[in-house]
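Here is what TrEMBL records for this protein:
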DOMAIN    3-61  domain 'Phenylalanyl-tRNA synthetase'
Amino acid sequence: KEFTPVKYFSIDRVFHNETLDATHLAEFHQIEGVVADYNLTLGDLMGVLYAFFSKMGTVLSIK
């Protein structure tokens with residue numbers, strides 16, 4: 001079977017069973033993603049992250 005580049009992303013609510021306090025809730029949001037292709041670099045990943053957070057209205061700072 002021939003290789004086909006893919007992109008999969010998921011934004012979901014995550015629940016965890018921990019004691020609630022003023023700084024911790026039982027629910028949070030998590031973003032996951034997989035991109036598979038030839039010749040991808042860290043720069044490609046950083047570009048995807050900058051574009052994603054820019055569309056969400058957040059300025060991303062990667063050091």
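Cβ coordinates are placed from backbone N, Cα and C, and glycine is handled just like the others.
Residue counts for the domain 'Phenylalanyl-tRNA synthetase' (3-61) by DSSP state, with H, G and I taken as helix and E and B as strand, are 14 helix, 22 strand, 23 coil.
Across the domain 'Phenylalanyl-tRNA synthetase' (3-61), the prediction's mean pLDDT works out to 87.
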